[in-house]
Amino acid sequence: MCKSLRYCFSHCLYLAMTRLEEVNREVNMHSSVRYLGYLARINLLVAICLGLYVRWEKTANSLILVIFILGLFVLGIASILYYYFSMETASLSLSNLWFGFLLGFLCFLDNSSFKNDVKEESTKYLLLTSIVLRILCSLVERMSGYVRHRPTLLTTVEFLELVGFAIASTTMLVEKSLSVILLVVALAMLIIDLRMKSFLALPNLVIFAVLLFFSSLETPKNPVAFACFFICLITDPFLDIYFSGLSVTERWKPFLYRGRICRRLSVVFTGMIELTFFILSAFKLRDTHLWYFVIPGFSIFGIFWMICHIIFLLTLWGFHTKLNDCHKVCFTHRVDNNSLDRIMASKGMRHFCLISEQLVFFSLLATAILGAVSWQPTNGIFLSMFLIVLPLESMAHGLFHELGSCLGGTSVGYAIVIPTNFCSPDGQPTLLPPEHVQELNLRSTGMLNAIQRFFAYHMIETYGCDYSTSGLSFDTLHSKLKAFLELRTVDGPRHDTYVLYYSGHTHGTGEWALAGGDILRLDTLLEWWREKNGSFCSRLIIILDSENSTPWVKEVRKINDQYIAVQGAEMTKTIDIEEADPPQLGDFTKDWVEYNCNTTNNICWTEKGRTVKAIYGVSKRWSDYTLHLPTGSDVAKHWMLYFPRITYPLVHLANWLCGLNLFWICKTCFRCLKRLKMSWFLPAVLDTGQGFKLVKS
């Protein structure tokens, strides 16, 4: 007995000590990383102080001494605010502002007369050490998981250091100072571009780095200090391209959730920047040396640039109009926790973004061509504006590209509920006895409420929910289904997915039992679908809560020319009534909707003893399905809806770009592998890409 108690006590003590060591190891690791950041900051402060001291010693400029002493005084105040008054935000803001100012001041002071001085060489090595420590600290923080990525465009540290650097540039002449201030704005745009993971962010980073050390930008006076400022600011957003796990809408949240007026003003502000760049490009016409090349080139590509950027601004304006509509719906359905992703998908934002991505690409191409034609290597203001415009348009292209890739397609749904539980000898539904009417009405109402909840949660446009106790005739159902299957979005194209729900009596072979002895076969429904779908690539998903859905599930697997899925239910025939209630129509709908609308559900479709099991089948080409891509006619309709006639000639260029199909060999191989997977290893849970899943037990 004593041995057992001693063993239990020693075992518990060992576990406690092991856990304590793990906690201490984590704390020590976190502290080490934090101290590494402090070391990088202190090293940078020493480098700045030594650099300013060398310049004061060699030039005897009293302004340097005044700023040096003032800088130390401000940093002392920041330390007092931090340690004695616990004003961390004010202290860090003040210190970051002065770090940016002092580093900028160090950049723009001439050191040509004492480049080989020992103290100046020490300053350079200290700055290089600061770069290495800063990169190492950021990398270790992210690899250890100590960084919490939050949606932001610019952090407070980045903004204040950029402002401080811009203020330091005012010590130069007005023209040179303006050039540097614009360069700082361009650097801020590049940081945002990297943090948003734009498709063209890395090429923009390369272009910025190549152009950064032009003499007209006043960087060569102290390129090491300039490189230190640039790399320290770029490190975090550059590493976050890999380490950040934020989704598209999370990254763009500061912009997408901005107020309506602010987003509209951003379009106006973008237009002013673009116009300024065009005016600065026109200064190239003063160059009479190559007038025979410059004048024709600027005239042709300038007109092309103007047309493309009119389209660009109208595209941004149209995007914000659709986004405002999405915010209205989001505000209305706030209690239902509808995410902006689903709302944008339901409003056809994916189709809009796919077309807009191509149009913005033309704007980027036009800017690159105009910049090359009107290149002015000695004009720092032109170069800075060029570096502002590129990431600005790159961000717009990246936003449309990512939203077009991640958003689900549009969908529309139609539900039919025929509450009949008893059948005549010939298999036709009959009216229920009065004592069962109330129970059946409650169950049918529950099915209607569940499917309406499903449509609302997944932002599926509702065509209708028909409830009929006497059944539907074949002609009535024919007219309703044809009207449902030919529905289109507001922008013109067909919906990506059509969801048809049916709960009612079926025959043993799966046909729907209709009023008057009529039936609806799957072949008949497919014929109507082919007639309405035509050459489009929409999907039809049929959800059956009936006693005989298995025949349709098996039959749909033989279809080869359409994208169709059938989600059905299997009800256990033999069951011990003492252990569980017999399955009824509506039980599957309740569980399936709860599974797809509640992320914290505990429904397990494969558990033993389930009275209602799930089964689904898909057509042979189901895995080939991709969301509807804009066709030539879609682009033409989009053009007529949003843009003036003067821009119509570009529609042919847009259609040509839509028709490009690069990497077709890789896509073909990947398609074959997915077909094999769906035919041989049908997954237990199949994501439809619309937010809900098909399941099988």
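Here the Cβ of each residue, glycine as well, is placed from N, Cα and C on the backbone.
In Swiss-Prot, the annotation N-linked glycosylation site falls on ASN598, out of ASN548, ASN598. Counting every protein chain shown, the number of other Cβ atoms lying within 10 Å of the Cβ of ASN111 (N-linked glycosylation site) is 20. Between the glycosylation sites ASN533, ASN598, ASN533 has the most other Cβ atoms inside 10 Å of its own Cβ, all protein chains included. Between the transmembrane segment (172-192) and the listed ranges 36-56, 63-83, 89-109, 223-243, 265-285, the one holding the most Cβ pairs under 8 Å is 223-243. If you measure from the Cα atom of ASN533 (N-linked glycosylation site) to that of ASN598 (N-linked glycosylation site), you get 32 Å. ASN598 (N-linked glycosylation site) sits 66 Å from ASN111 (N-linked glycosylation site), taking the C-alpha atoms as the reference points.
Between the transmembrane segment (223-243) and the transmembrane segment (151-171), three or more CB pairs separated by 6 or more residues in sequence fall under 8 Å, so the two stretches touch.
Of the candidate ranges 89-109, 265-285, 293-313, 380-400, 89-109 has the most C-beta pairs within less than 8 angstroms of the transmembrane segment (151-171).
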